[in-house]
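Presented below is the structure to which this report refers.
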Amino acid sequence: MTITMLKSKIHRATVTEANLNYVGSITIDKALMDKSNILEYEKVQIVDIDNGNRFETYVIAGEENSGVICLNGAAARMVQKGDKIIIMSYCSLTIDEANKFNPTVLFVDNKNNIEKLTNYEKHGEII
């Protein structure tokens, strides 16, 4: 048996663009992808902190160190430029693997620069 666990998270990223006329996906700064352990074309869940929308899409790599967080295609209707979002990816693990696993959690500032990289988060704490 396997269970689904949080693998990677980019916390409170700022949407820099919403491009309705582009083929679907989310464009993420390659540096943020690398640090958060999110791969190109990986399925991600997006949570918009400002409006509560939750949806899934896949990742394409943006220019490294550009700070780009751009929702493309239909997903562009779910956010607005300037919204704060949480980007999460998941993995399937056995119970034994899950008990030893820690997710990668990346905190960014208002310009999507890396503030902190951790392997855990606790309720009630902003690390």
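Just so it is clear, glycine is given a Cβ too, placed from its N, Cα and C backbone atoms.
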Co-listed substrate-binding residue [Swiss-Prot; alongside G73, A74, A75] among T57, T94: T57
Cβ-Cβ neighbours of S25 (active site, schiff-base intermediate with substrate) (radius 10 Å): 19
Assigned element (helix, strand, coil) containing T57 (substrate binding site), judged by DSSP: strand
Alpha-carbon spacing, G73 (substrate binding site) to S25 (active site, schiff-base intermediate with substrate), which is rounded to whole Å: 7
Y58 (active site, proton donor) versus recorded positions S25, A74, A75 - nearest by Cα: S25
Alpha-carbon spacing, A74 (substrate binding site) to S25 (active site, schiff-base intermediate with substrate), which is rounded to whole Å: 9
